[in-house]
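Got a structure for you, questions after.
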Amino acid sequence: METLLSSRTPSPLIAPKPSSSRSHSLPSLQTRPNSLSFTPKTITSGLKKHTSESLSVPSSWLIHAQQGLAALALSLALNFCPLPYTGNAQASEFDVLYEGPPKESYIFDDAGVLSRVTKSDLKQLLSDLESRKNFKINFVTVRKLTSKADAFEYADQVLERWYPSIEEGNNKGIVVLVTSQKEGAITGGPAFIQAVGETVLDATVSENLPVLSTEEKYNEAIYSSAKRLVAAIDGLPDPGGPKANENKRESNFKSREETDEKRGQFTLVVGGLLVIAFVVPMAQYYAYVSKK
């Protein structure tokens, strides 16, 4: 760059002012843009070239660093920021507690195992019970439990959370079904427990919910439990529950007769093999000797 500047003539800007008239100075003023425009272009292009070469490696490293930080920020946001609630199908056991009792239905199907037909039949059955007897039963299905040891503790927690006072939960019942554990629980206020009776409560928990859940008949498990509880509140005979299928396993042990028969056959086979093992070599040896 020093060579380029030194080889050229001095710029008219720093040249001594001529003593002639204004007409002689006008051409020099008109050449100023041309003389000045050439030198900055050469210098600027050289600076751009050197700058791009020197900053190519740091800019690439900076892009990778920015991408890594963006990925880290996204991962932290997904791990620590809760997702918005989008419905019962995406809920959890904690959402069931904080959401409160269903307003338009009697079912909180967190596990997503109930069909529309079952939900419609339950709503009709339970709304009729509430209008006639002033007893409200809510059914809750969850996939698994992480905060409580079993379904009974969780059912009590739901009842206390939804109906904090005895007056609010006196005639309320809560039925919980845990699909992964194939078990259920029923709890409620004093008036509800008295109206249903301990016998029907224990039978429903030990028969309807676990037996049908083991066979993955969740719709039948919920609806049969509802009909059994409603019948008990209405004072009707208990319709009963399903019985567990007792699969009879065939014994792998043989009877005494079969053992004796097999033993006789085994003795004959072994005896035949022993005879062949001794007689055949002796006959071959006898034939070999007789030829000599």
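Placed from the backbone N, Cα and C atoms, the Cβ positions cover glycine too.
For reference, TrEMBL lists these features for the protein:
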REGION    1-42  region 'Disordered'
COMPBIAS  1-10  compositional bias 'Polar residues'
COMPBIAS  18-29  compositional bias 'Low complexity'
COMPBIAS  30-42  compositional bias 'Polar residues'
DOMAIN    108-231  domain 'TPM'
REGION    235-259  region 'Disordered'
COMPBIAS  245-259  compositional bias 'Basic and acidic residues'
TRANSMEM  266-287  transmembrane segment
Would you mind splitting the domain 'TPM' (108-231) into helix, strand and coil residue counts from DSSP?
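Its residues fall into 72 helix, 22 strand, 30 coil.
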Mean pLDDT for the domain 'TPM' (108-231), rounded to an integer?
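Mean model confidence (pLDDT) across the domain 'TPM' (108-231) is 94.
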